[in-house]
Amino acid sequence: MAGAAPVYCVCRQPYDVSRFMIECDICKDWFHSSCVKVEEHQAADIDLYHCPNCEVLHGPSQLKKRRNWHRHDYTEPDDGTKPVQAGTRTFIQQLQARSFPSADDLLLKMNGSQLTQRYLEKQGFNLPIMVPRLDDLGLRLPPPTFSVMDVERYVGGEKIIDVIDVARQADSKMKLKNFVKYFMNPDRPKVLNVISLEFSDTKMADLVKVPDISKKLSWVENYWPDDSFFTKPFVQKYCLMGVQDSYTDFHIDFGGTSVWYHVLWGEKVFYLIKPSDENLALYESWSSSVTQSEEFFGDKVDKCYKCVVKQGHTLFVPTGWIHAVLTSQDCMAFGGNFLHNLNIGMQLRCYEMEKRLKTPDLFKFPFFEAICWFVAKNLLETLKELKEDGFHPPNYLKHGVKALISALKSWMKKESVAEHAFEIPDNIRPGHLIKELSKVIRSVEEEGNRPVKSQGIHGHCPVSRSSHEKSSHHSGRKARRLRDHSTKTPTNLDILEHHTREVLKRLEMSPWEEDAGTYKLNMRFNKPLLPSSTEPDQKVRDNGIRLLLSNGRIIRDERQPFTDRSLYTADSEDEDDRARSRKAKDIKQEKPCSTSGMEDKAETQKPLNMFFESVKSELRNGSSEYSDISDSEGSEDNCTNQKHFSEESESSGDDDDEEEEEEEERQEPIRNLKEEHSGRRLPCDPNFPWPDHDSPQKRECPTSTSMEQEAVQGMLSMASLHYPSALPTPAKSTDCNIRGGYPQLHIRVSQGNGKEHLDSHSHKAANSDHHVKDEGEFSALDWIRQPDASCRLSPQDSCQVPQSLRREFAHEEYEKAPEDKHYLEIEHWDSAEYQPEKYDPESSMSSGECHLSDGSLSPTRIYGDTAAAVPLHPTKRPASNPPPISNQATKGKRPKKGMATAKQRLGKILKLNRNGHARFFV
């Protein structure tokens, strides 16, 4: 049939490149060696081959005649003109007769327990190591009675193995069963040696466990990914079977690998040469010479050491050592090769030498360049981790990474990238990896003087470790990076980014509505300070947080276990620890925008039931925002000019047990009203921030009568808020904070000599990057019962508020609010000057001043909603002041259903407490 492939041999099969064939000198047909029972190594000895068909007519094949014992081609005439070649019988005899310096002075002899990763990292792996016993080495082997026939049983007789014809120093292939037959025959026509039987994929692999040290250091064990496109290199388990006089000439193990040998039975002799620069240069020159086999390389160097490895001994040969091996008696040995981090530079140097010498792929480390890319990727991570942990990498690793970078760069050059592109893993970006690795090693070299962290101190090595350790180590590192990032405390930048998004979301909300039902009320009421003549300033700062509420839910009560931690932000626990220790440094000042066209004071009167309505609306619909940064980016009408001085201040401390008991007693009269709102109380945080959509005006605080205090008590009871205890002495002072998502008003009133003094101090604003300070002078018996106009301003009107208002009065009067109306009226105001200025801790505590400042970050605070203004209890503003904005929506409204009951309770409380202690509350 036309186009059909030609067929050969007695089997009439087409040509197969993987099968050895021999040509018949008579019929010129080709035959498979396995079909005609001719081994590959035997074909070299045949002078004329006759196939089975031709053999009948022309007789058997004719063998070559031996004419010498010192040349690879034994048919050459022995005229004494040609030198002895390596591996021949003459060469072996001469080698055994020579004397060499003993390696005893060179070798490091130690026990298995001493050969540790930490030792090699500290001392280096530069000299051969001899371990005379298996104890503590981690090496498991078959018993010394294990024979070549056992190897055949475990591996399989049909396995094709590489065999070296020692006399010719040529390799060939044969079946394992044929080699075993040869080995067991005492009459051996030639010397054959097996040195490359890798059995990791056979049953015999279970009988052998490699030394712990080689497994811990091995690149393949540590860095080769299981899902790699490339076939994983198996070079750790070799069985070496050699008959007497087997010889392997001088060589460096492929890829510059280190190697371990253990002689199970028999004996081997190693001829060792140091890998100095001079010796390596000589070796490369010798290897490329056409007369290589005629020159004994040991004669070219200064010293060649002889090391005898006896039965039961284990020898470790470091990277780059040039060595030859003679089998002085029949021997079976096990060994393995491994790349590692201790000598990266030398490994790369040996690999480049192999390429220059054009070493066949069969004798090179499988996928050497691919594993270098994997190692580079992992070492980049390792260096970053060492730097993150505050350790300087050891010198051997630093030098190795630099050598690796140089090699990777050379492989990526335009003129050679095509040659190396095949071994670049798909999941690696070579250019980016080289750049990042160069950057990290450069930064490591610049840092310099840090303690060196051994990679084997704690039983595992982040740079080189066993497969079990690798998986656990990488999983731990991965959890730490994603670290570990699920449990890691957020950084300031993380918090900033998160809350910037929150601010932007709030800025997209619709403008403020003038309906009181849309306002949010968030308030904090401090307990009265204990009288102290020596620590007034400290007491003011140490007012504790009593309650935190978000979305109408109590999330912290110091008298009850805190259970709902889910409402914390990611960094709130960290802030708990940090906020208590912070001290006030500066505050941010804010200039209020001017306003005009304020209406008459009569138009600002707001029925008390509207205040209750707004409170209920807050409890029903309000939500507290979790924010750590300022959301003071106002609308385009906001004319506030801000300056940042500091973001830190001391947060409030905890109150003592006595104050807690007093608080319990104070809460009894209003506990039933709190139950009306399902036990929900507004947050009592001394440091809760107010938003800065509009600059709030100063609140002026005239004194209160007993009736007004009782009315406020009932009013606050309606809002499910705590009521502070009475002031038992005229000198006692108390603090009260009003917060509703606005800069906090922290007021301290001291009663004495018929006068009241207001004081405030500034706290850190955790969700605001600025502080506001207002100062004003108050005359005696001034008290506020009218809402701040600026808190009722629309964004359009907020810019018209005057920057400075100051009014002084000689007398102030009070009007009692009718009980059926449930609101309070005040005819006169004491207007203090509102002037931003630098914060002064001392002046802030002096009497006659009222400061507006942002709330500080308290350890358990939850941040309040900053999207709407705060509705305040009804008051009056004097006609001399610019009239406040009129809110028509609040005039003439009837109380909502259910408010009558609340008013009845309020009236009852007012009657019960009519003759009680003088109390006040804001």
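Glycine is treated like the rest: Cβ placed from N, Cα and C.
For Thr248, Lys268, the entry in Swiss-Prot reads substrate binding site. If you look up Swiss-Prot, you'll see His251, Asp253, His323 marked as Fe cation binding site. Annotated compositional bias 'Basic residues' per Swiss-Prot: 473-483, in sequence order. What Swiss-Prot records for 648-666 is compositional bias 'Acidic residues'. Summarising the annotation, Swiss-Prot assigns compositional bias 'Basic and acidic residues' to 667-683, 691-701. Sequence annotations record features per position, and here Swiss-Prot assigns region 'Disordered' to 445-490, 565-607, 622-711, 754-773, 872-902. The zinc finger annotation in Swiss-Prot covers 6-57.
Cα of His323 (Fe cation binding site) to Cα of Thr248 (substrate binding site): a distance of 9 Å.
Look at the binding-site residues His251, Lys268, His323 and count other Cβ atoms within 10 Å of each Cβ; His251 has the fewest. Counting every protein chain shown, the Cβ of Asp253 (Fe cation binding site) has 21 other Cβ atoms within 10 Å. Take the CB of Thr248 (substrate binding site) and look out to 10 A: across all protein chains shown you find 21 other CB atoms.
In the predicted model, residues of the zinc finger (6-57) average a pLDDT of 88. Calculated from their C-alpha atoms, the gap between Lys268 (substrate binding site) and His251 (Fe cation binding site) amounts to 16 Å. Across the zinc finger (6-57), DSSP assigns 10 helix, 13 strand, 29 coil. A Cβ within 8 Å of the Cβ centre of His251, Asp253, His323, the residues given for Fe cation, is found for these other residues of the same chain: Thr248, Phe250, Ile252, Val259, Val317, Trp321, Ile322, Ala324, Val325.
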